[in-house]
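Undergrad: Got these off TrEMBL a minute ago, pasting:
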- Asp49: active site (ACT_SITE)
- Cys52: active site, nucleophile (ACT_SITE)
- His262: active site (ACT_SITE)
- Glu237: site 'Linear diubiquitin binding' (SITE)
Amino acid sequence: YKPSVSPEMDIMEYCRKEWRGNTPVAKTMRKGYEAVAQKFASIRRIRGDNYCAFRATLFQALSQATQLPSWLQSEDFTMLPENLLNKYDWIKQWQLKQKPGNKMGEISDEIKEYLILLRKKWKNISEIKDPFEKQEACDKLFKNEEEEYSLYEALKFLMLNTAIELYNDDKNGKRVPVFSWLLFARDTSSNPCQLMHNHLNHIGHSGGLEQVEMFLLAYALQYTIQVYRLYKYSTDEFITLYPNDPEEDWPVVTLITEDDRHYNIPVRMCQETML
């Protein structure tokens, strides 16, 4: 079993180890890492399976959580699976982790359990005041495979719920963010049902998150996901925000990617940056 989140390592040391050559790509990567090192001292490697975008985002969100987000506090949060299944029969084909072919009632109960777990973990970790204890609690959670993967199932379901809301808003003539049009402009996801079948059901199994789905994850969590995209160094896409017009009160988490497929996390903000 590989650790989900590796221990801290000095960013430039990591970069020197990974990018030794003198190819144009290696030079770009080194410059990218140097820019990140202006703000952050260390990097933590994220386990490279198809959940790494979820893992990096959730780990960062929990590491800095000081309160439960308002959407996690709402009364009907845990009723979400039941309410959606009552409206949309096709959700019965949701692919649960390693448990294909579940009956309708079971799917609803199982996802409800994942949502309850997400709320409980978020609440417990956000209440820890001591930063070292908080970090220990996060490390411990991401060493528990059963719980960790259950949390990703919860995130996937929240993404589906958000996609349904955006799709309906658009159909009802309400304003929706631009990424929502892009999401449903794809041949493979022209509506939420297709999005579930062709994309969400595969995340973690045969694929990770695509760019447009990073926006959806950000909206589902009501977090701004800031990503250093190292191969885009010296272009205006080097630091990309999902969403690119974030709400002012959304907290920000920061990730690093070399290729838009695998994500690691920068940690320990440099002192002068914090001031």
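A Cβ is built for glycine as well, from the same backbone N, Cα and C atoms used for every other residue.
Keep in mind that TrEMBL annotations are predicted by a computer and have not been checked by a curator.
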Undergrad: Just to verify: the residue among Asp49, Glu237 with the fewest other Cβ atoms within 10 Å, which of the recorded positions is it?
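TA: Minimum Cβ neighbour count within 10 Å, taken over the recorded positions Asp49, Glu237, occurs at Glu237.
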Undergrad: Filter the recorded positions Asp49, Cys52, Glu237 down to the ones within 10 angstroms of His262 (active site), Cα to Cα, kept in sequence order.
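TA: So far as Cα distances go, the recorded positions lying within 10 Å of His262 (active site) are Asp49, Cys52.
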Undergrad: My understanding is the cutoff is Cβ-Cβ under 8 Å with a sequence separation of 6 or more in the same chain; which residues meet that for Cys52 (active site, nucleophile)?
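TA: Result: Ile46, Gly208, His262, Tyr263.
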Undergrad: Express the distance between the Cα positions of Asp49 (active site) and Glu237 (site 'Linear diubiquitin binding') as a whole number of Å.
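TA: Taking the Cα atoms only, Asp49 (active site) lies 25 Å from Glu237 (site 'Linear diubiquitin binding').
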Undergrad: Starting from the Cβ of His262 (active site), draw a 10 Å sphere and report how many other Cβ atoms land inside it.
TA: 18
